[in-house]
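A.B. asks: Have a look at the structure that comes next, please.
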Amino acid sequence: MQSWRRRKSLWLALSASWLLLVLLGGFSLLRLALPPRPRPGASQGWPRWLDAELLQSFSQPGELPEDAVSPPQAPHGGSCNWESCFDTSKCRGDGLKVFVYPAVGTISETHRRILASIEGSRFYTFSPAGACLLLLLSLDAQTGECSSMPLQWNRGRNHLVLRLHPAPCPRTFQLGQAMVAEASPTVDSFRPGFDVALPFLPEAHPLRGGAPGQLRQHSPQPGVALLALEEERGGWRTADTGSSACPWDGRCEQDPGPGQTQRQETLPNATFCLISGHRPEAASRFLQALQAGCIPVLLSPRWELPFSEVIDWTKAAIVADERLPLQVLAALQEMSPARVLALRQQTQFLWDAYFSSVEKVIHTTLEVIQDRIFGTSAHPSLLWNSPPGALLALSTFSTSPQDFPFYYLQQGSRPEGRFSALIWVGPPGQPPLKLIQAVAGSQHCAQILVLWSNERPLPSRWPETAVPLTVIDGHRKVSDRFYPYSTIRTDAILSLDARSSLSTSEVDFAFLVWQSFPERMVGFLTSSHFWDEAHGGWGYTAERTNEFSMVLTTAAFYHRYYHTLFTHSLPKALRTLADEAPTCVDVLMNFIVAAVTKLPPIKVPYGKQRQEAAPLAPGGPGPRPKPPAPAPDCINQIAAAFGHMPLLSSRLRLDPVLFKDPVSVQRKKYRSLEKP
């Protein structure tokens, strides 16, 4: 009995001691483990751990980080937000229009590229009075000259001060109500929802196009290092994962990178890239990691990630606590291959969509501001964080992913089963009676629109059809073929020329193929591009070969959204080129679709009697002349404007089942395609 009482007393004493320990130390442990929960609707930055004073007590005075003594102060106007410091009433007419203050004195090549990218965009205006946003370049990287206060400053209201480098220009005037678009701003000075975080751009960053992502195999190859650590002097060093302390103490094997000779330009050759969060200069390594397909691992970052307002960086980067090196390394080693694959794919998409050129960075900045202006009509997160990205998914067309051709598969939907035929009638201006009857006979045709582009008067009579026929007169430019007419009521467009010659069966089969590939162009006659070594440029041929990269728009199916891109996204110079050289319009339209989809067009067969001819050729069966080739410099001018060559070659042609098979004709659905 006494033994039992002693055990009970001992158990009570242990319980009381444990309870006292919990009461005394529990609150401190909670403060150590959990950051405060953000209030609903409040902006959320990087985690701010509450135990900094506890951790510093374990360090020697010389080991404390230098930049931890005096955090950067918020800029003047820190109380500004979008509602109080920006007047959206100036943007109600034409949306976002940007005026750039002219530079004074000598400017750097980077600033010259910025000016060129804005002046060639749909946002630019020559008049400050008609501008919704006034842009001021703050600091010249080469000359170090600072901008002075402009005449229309108005306390900075509706102004955007652009800083390309983390080190700010010494201020000769107060920012007031101006927004700041700065490279790698610190989390203490950044105003969420008002300022815009930019990437740290190198001086030699290309104006347009840019180099593609360097990831060639999404699954890590055997022997490739798991970790790469950025260095203060530039370059990367790979980590031997056998030593868990290697990434933090510098004992790593040097890796020059694939095919690189200059250390400062070396791209990391690893699966994960460890990037310090203390030094703003480390942000310059962030873009290198994205381009290389190396998953960025940010160690307690103190700078805002670029475009964090719209880009979901949890899908492409990892934020880790630098105080837990062993746990971070173990977590990276145990990460599933599926997760690694998803992160690496997202790095390549983000690099190509928003960061590969100066033009994309500037246009992304303006799109972020335009989304704030539109409010409820802004891009949803899916459009920003899924290919092809918000720059190619114009919110002026729609903000619903279901309306864009490249999101059908992701949304589990498919386009409607009807199309609109758009027939371009140029000189000599004869009504395409047979073509209208053939197209109207399709069970999928919803309407026919005839674009009359001729000096001759309109015919008084048109053929009677089972579908509505609308004639639009007065459009003389070739680019008017690709205008987003409000009368087009279907997703699919069948673009035709008055000289086209197609049968109803050909139209039906081509449309069914397009329904399976709504983001691509489906056509009958193809052409291809090639690199001409002799002339040092791109060439174009309409000869029948085993490969093709373009289809003629004189007989092709595509989604109506590409009319919106053609009219509202292309630079005016390219549309003028299409009007002055009509044969260039096919190349230009194929460039647009290829740049969006990263895929080649699809070829479908046409009747046997037309195998040696183009469907745009006039007349009846028999040999017909080949379509005229574009001007020699056409494809090169378009490629220069895009900054790269988006066209891709294909060897695929889709035929109906049983096409030309030795079976009964009665068993074939599209038997007319094989008739002589």
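One is the number of the first residue shown, and numbering goes on along the chain from there.
Placed from the backbone N, Cα and C atoms, the Cβ positions cover glycine too.
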A.B. asks: Using the record from Swiss-Prot, pick out the residue from Cys445, Cys634 that is joined to Cys584 by a disulfide.
C.D. replies: Cys634
A.B. asks: Which whole number is the mean pLDDT over the topological domain 'Cytoplasmic' (1-9)?
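C.D. replies: Mean model confidence (pLDDT) across the topological domain 'Cytoplasmic' (1-9) is 67.
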A.B. asks: Count the Cβ atoms, other than its own, that fall within 10 Å of the Cβ of Cys634 (disulfide bond), considering every protein chain shown.
C.D. replies: 22
A.B. asks: Enter the number of other CB atoms within 10 angstroms of the CB of Cys584 (disulfide bond).
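C.D. replies: For Cys584 (disulfide bond), the count of other Cβ atoms within 10 Å is 23.
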A.B. asks: In which DSSP state, out of helix, strand and coil, do we find Cys584 (disulfide bond)?
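C.D. replies: Reduced to three states, the DSSP call for Cys584 (disulfide bond) is helix.
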